[in-house]
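Colleague: Sharing a structure with you now.
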C-alpha cells in the first residue's frame with residue numbers, strides 16, 4: 001500500500017506546483033491589456049461572484065438527468081475513467097494555454113505514430129505484474145461497451161501512458177454479422193484519425209500494437225490523469241463559470257481543428273472530454289467520427305443521418321420525426337449543437353432536454369423551447385451564446401469561427417487577439433485520411449486462423465528427456481537481460497511441470513535420478529515417496545485474446561519492475577526473480593559446489609526466515625520439491641526465496 005500512496009503523491013504534487021505559478025484570471029483582472037473587442041461591464045460583476053456559486057446548492061427545478069444521457073446509449077469505444085479530479089483541485093485552475101503548449105512540445109517529440117505488428121503478453125508470477133511488449137500494466141482505468149483502458153508505464157522511459165484495448169470484432173454479433181463489420185470499421189476509423197490528427201486539444205496516439213494473430217488492437221495513448229471533465233453532482237454543477245469557460249474554449253479549439261481537417265466527431269459530450277495534468281481539455285473517442293475530406297454531398301448527408309453517439313446530445317436534424325416537413329440538411333453543425341449541450345451541462349449540471357423515452361426525447365429536442373435557468377447567472381452574453389449554439393435551424397446556428405469571436409468566449413483572456421491568432425487552424429497543413437488508410441488501419445484475422453492458433457496454443461508439449469548439451473526454450477514469464485558471454489537459456493512453465501510429473505511415473509527411475517542429484521536425501525529415507533508435484537504452470541498467463549488475464553488477478557501497483565539475478569555455479573546457471581531494484585538484489589555464492597549434470601531441472605526452495613538458525617550443513621526440504629544440498633545462498637531479508645536451476649553448457 002505504501003508504494004501506491006507514494007506513486008499517487010508523486011503524480012499529484014507536481015501538478016499543484018505548476019498551477020501555483022500560472023496566471024489566474026480571477027485575481028489578475030488588472031493585468032488584462034486593452035483589446036479591440038468591446039467590454040461588457042455587467043460581466044465583470046458576474047465574474048467576481050462566479051467562483052463562489054459552487055458552494056451553494058442550486059435547484060435544478062423539475063428537470064432530471066435521464067438515463068439516455070448516460071454512457072450506455074449508442075456511444076462506442078468510450079473512455080470511462082475512474083479517477084475524477086477533486087473539488088480541491090478545481091480552485092487551482094488557471095489560464096493553461098502556455099502550460100498546454102509546453103506539454104504539447106513534449107508530445108511532439110514522439111514523432112510519427114509507431115506501428116507494431118508483434119505482441120508479446122507476459123505475466124510475472126513473482127511480482128503480479130502484466131506486460132504488453134515493453135509496457136507494464138499498472139491498473140484498469142475504465143471500460144466501455146466495446147473496449148477497456150489500462151494505465152501502463154513504459155519500462156524504458158518510465159512514462160505513464162493509457163493503453164486502450166479494442167476487440168477487432170463484436171463479442172456478440174447479431175443479425176448477419178453486421179456488428180462484426182461495424183466494429184472493424186469503428187476501430188479502423190479511430191486509428192486512422194488518431195494517426196493523422198496532431199493538435200494540443202486532441203488526444204495524442206503514440207503506438208498501435210496490431211498483431212495479425214490477435215483479435216484485439218492496442219492503442220497506446222497519452223495519459224490523461226484528470227479523467228473526464230466533471231460537470232454534475234446531484235443535478236448541481238461542480239464548475240465555476242470561469243472554469244466552464246476555459247474547458248469550453250479548449251473544446252472549441254479541438255473541434256475547430258477537426259472540422260478544418262474534414263472530420264465530424266458526432267459524439268461530443270463531457271464523457272469524451274479528458275483532462276491532463278495541467279487541466280487542458282482534449283477530445284477523445286473517434287469511433288463514430290465521419291471523414292469528409294472531399295466536402296459534404298448527398299452521400300455524406302445519408303451517412304450523417306445515422307443516429308450514432310449519445311441521444312441526449314443529438315441535434316434536431318438527427319431527431320426529425322415530422323414526415324410532413326422535409327428534414328434539414330445534416331452537416332458539421334451537429335457537432336456545434338452537441339457543443340452547446342456540453343456547455344449547458346458544464347454550466348448547469350444537467351442536460352437541456354430530458355425524457356424517459358427516446359422517442360419523447362427526440363420530440364423535445366425538435367419542438368421544445370430552450371429554457372435557460374436563472375442560477376447561476378451567466379449574463380446576457382452567456383445566454384446569447386447558448387441560444388445561438390442550440391438553435392433548431394442548422395442554417396441559422398452559430399459557426400465555430402463565430403463562437404471563438406463571441407465576447408463570452410473571449411472574456412478572461414489576457415490577450416484575446418493573440419489567442420485568436422495562435423489558435424487559427426489554417427496555420428497548419430491539412431491532413432487527408434483516405435479510404436485506403438481507413439481500410440488498412442488494422443490487420444484482419446480469419447476465423448480459421450484464430451481457431452488454429454488457439455488449438456496450438458493450448459496443446460501441451462510432448463514429454464521429452466532433456467539433454468544437458470541442448471538449450472531449453474525460455475519461459476515467457478521469466479525476463480532476463482541478454483548476456484554476451486552465455487547463451488539465453490531458460491525453462492518453460494509447461495516443460496517444468498511435465499518434468500516433475502514424470503518423476504512420479506517410475507519409482508526406480510525416480511530413485512536413480514535422486515541419487516545423482518540429491519544423494520544426502522536418499523540416505524535419510526530412500527523408500528519415501530514424494531507426492532506428484534504440479535506447479536499449475538502449464539497454462540498461459542493470457543488464455544486467449546478474447547479474455548484478458550487481468551480479469552482473473554489483481555494488480556500490484558508497486559513502482560519497481562521485476563529484475564533478474566543470475567549466477568553461474570560450476571555447470572549450473574541460477575536465475576532468481578525479485579521485485580527489488582538491481583542494486584538491492586542479493587548475490588549468490590556457491591563455493592565448492594559440486595553438481596552432476598543429470599539433464600533434469602532442479603527447483604531449490606529455502607526457508608530463509610529460519611536459515612541463519614539452522615546448522616550450515618542443514619538444508620530444509622519441502623515435500624514434492626527436489627533440492628540441491630550443495631547450493632549455498634546468501635541469507636537475509638533481501639534474499640529471494642525462489643530460484644530455478646538447470647544444467648547448461650557454458651560457452652567460452
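Placement of Cβ uses the backbone N, Cα and C atoms for every residue, glycine included.
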Colleague: Ranges 410-433, 434-457, 506-529: which does Swiss-Prot label region 'Disordered'?
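Modeller: Swiss-Prot lists region 'Disordered' for residues 506-529.
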Colleague: If you check Swiss-Prot, which stretch out of 467-491, 542-566, 567-591, 592-616 is marked region 'Disordered'?
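Modeller: The listed stretch tagged region 'Disordered' in Swiss-Prot is 467-491.
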Colleague: Of the residues 59, 277, 492, 499, give the one that Swiss-Prot describes as phosphoserine.
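Modeller: Swiss-Prot annotates phosphoserine at 59; the rest carry no such entry.
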Colleague: Just name the most isolated of the binding-site residues 141, 145, 149, going by other Cβ atoms within 10 Å of its Cβ.
Modeller: 145
Colleague: Let's check the environment of residue 267 (active site, proton acceptor): how many other CB atoms sit within 10 Å of its CB?
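Modeller: The answer is 25.
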Colleague: At the level of the C-alpha atoms, what whole-angstrom distance separates residue 143 (ATP binding site) and residue 267 (active site, proton acceptor)?
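Modeller: Computed Cα spacing between residue 143 (ATP binding site) and residue 267 (active site, proton acceptor) is 17 Å.
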Colleague: Can you give me the average pLDDT across the domain 'Protein kinase' (135-409), rounded to a whole number?
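Modeller: Result for the domain 'Protein kinase' (135-409): average pLDDT 86.
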Colleague: Between the Cα atoms of residue 141 (ATP binding site) and residue 267 (active site, proton acceptor), find the distance and write it as a whole number of Å.
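Modeller: Here the two Cα atoms lie 21 Å apart.
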